[in-house]
């Protein structure tokens with residue numbers, strides 16, 4: 001059932017014909033030029049990319065106070081395109097809310113490790129807010145602030161509700177009461193998974209066993225779910241080096257951890273189930289809803305094609321190709337183009353170390369997963385073993401990731417605010433029940449944390465076994481609200497998240513069983529595959 005997802009708005013900022021206020025000039029007085037496809041070749045001769053000098057003295061008293069720059073007495077204004085050009089670690093800028101920050105000298109000091117390089121050249125408001133549940137590091141950030149963004153536009157609303165701040169406070173308090181650290185707690189599980197992974201690899205390669213190839217697929221999926229996923233979110237350990245090593249688990253499977261980080265951390269987590277229109281110079285798109293398009297239609301704002309009416313039938317065979325496609329094709333396309341959809345991947349893939357990691361891991365996996373089995377057992381048998389291993393891994397991973405967002409219980413959004421967002425009778429009933437218990441003002445529907453609750457669905461919430469078998473993805477709501485918290489802690493904070501959601505009138509959606517969640521996904525695919533119903537304004541042919 002389709003209903004209008006109303007009451008959305010976007011905060012527009014006046015640009016006054018593109019000129020800064022109070023007579024201030026753009027950086028170096030240069031007219032900003034658009035960045036073409038994220039290329040960096042123009043930087044050497046681009047006068048608009050000379051790094052401004054930071055003012056001396058202590059940081060401002062408050063987060064939004066102005067900095068005195070070059071004696072002008074006002075902050076400099078920068079455009080989004082100017083920020084985009086500073087995307088490499090040797091010259092890296094980022095934005096948070098309306099502030100522009102030159103973090104080049106801070107990258108090596110960042111307590112969270114190298115994850116900050118993912119945000120270079122782009123808006124990091126969501127990353128900074130969601131990865132610092134104990135509070136935004138304003139004092140540190142102000143040391144690197146160089147100006148204000150002249151043209152900030154975003155779908156999301158910030159600071160208009162206490163929902164997310166209160167949720168953070170109460171979730172962290174619950175962890176403290178339970179004596180659980182925010183990160184870590186996965187060492188024993190990781191050891192068991194890696195042991196099974198390497199033993200099963202040896203068995204299927206050395207003894208041409210299809211059974212062990214399937215076991216490797218299961219173990220490999222858990223390297224992805226339980227090790228690299230937490231590692232690349234900075235949640236596997238309190239040690240940043242250990243997190244980085246855990247994040248390379250994706251490379252261990254045969255896919256690229258770098259490409260995955262851009263798609264998952266930068267794309268999916270920031271813009272969950274969101275499709276952008278032309279309002280934004282940097283589109284706010286969730287790449288996951290386009291991951292199988294046009295073969296499959298997952299978002300109501302993507303165009304329908306006749307073969308989509310059968311997508312609920314061929315979805316599961318297609319899901320099984322997830323890791324094979326990443327190992328053999330899609331990762332290479334991203335590395336060569338430096339783009340994942342609308343996401344510029346230059347900050348990690350241009351530097352030499354990024355190239356060495358990508359190509360080195362790909363070569364090693366090609367030799368160990370394809371060449372060696374083919375050499376030992378013949379080409380046909382070697383490729384068959386490789387296929388079985390990755391079909392099992394791909395199916396397991398795809399289902400675990402997809403059923404939490406592509407579901408009849410999830411919202412699907414568009415930055416134009418005119419799309420019809422899908423709500424089922426179950427979701428409406430849950431919303432009405434939550435409204436009856438509401439004790440606090442309902443946040444605006446485009447509050448970022450609210451959209452995460454609306455676009456995610458849990459299954460078997462609170463279940464410890466389900467939590468470990470899914471790498472915490474059965475607690476999808478908790479994961480999206482607190483990506484830097486270890487999935488081992490999700491059963492602990494889930495009751496708090498549910499309680500706060502109900503207090504603010506937000507439906508906390510949870511399927512009782514895994515099978516219910518799978519059925520919710522299939523039902524959504526059926527609805528997205530049905531031919532669109534003509535409206536009154538449509539002309540009859």
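Here the Cβ of each residue, glycine as well, is placed from N, Cα and C on the backbone.
Swiss-Prot lists transmembrane segment at one of the ranges 335-355, 356-376, 419-439, namely 356-376. Of the given residue ranges 314-334, 440-460, 461-481, 482-502, Swiss-Prot assigns the label transmembrane segment to 314-334. Swiss-Prot tags one of the stretches 144-164, 165-185, 186-206, 249-269 as transmembrane segment, and that stretch is 186-206. In Swiss-Prot, the motif 'Histidine box-1' annotation falls on 229-233 of the listed ranges 224-228, 229-233, 234-238, 239-243. Check Swiss-Prot against the ranges 15-60, 61-106 and you find region 'Disordered' recorded for 15-60. Under DSSP, residue 110 (heme binding site) is assigned to coil, being neither helix nor strand in the three-state scheme.
Long-range C-beta contacts of residue 132 (heme binding site), restricted to its own chain and to partners at least six residues apart, with a cutoff below 8 Å, comprise 484. Across the motif 'Histidine box-3' (476-480), DSSP assigns 5 helix, 0 strand, 0 coil. Within its own chain, the motif 'Histidine box-2' (264-269) is flanked in space by residues 115, 118-119, 122, 126-127, 130, 232-233, 285-288, 340-341, 343, 480, 483, which lie at least six positions past its ends and keep a Cβ under 8 Å from the stretch.
Neighbours of residue 110 (heme binding site), defined as other CB atoms within 10 A of its CB across all chains, total 14. The residues of the motif 'Histidine box-1' (229-233), classed with DSSP into helix (H, G, I), strand (E, B) and coil, number 4 helix, 0 strand, 1 coil.
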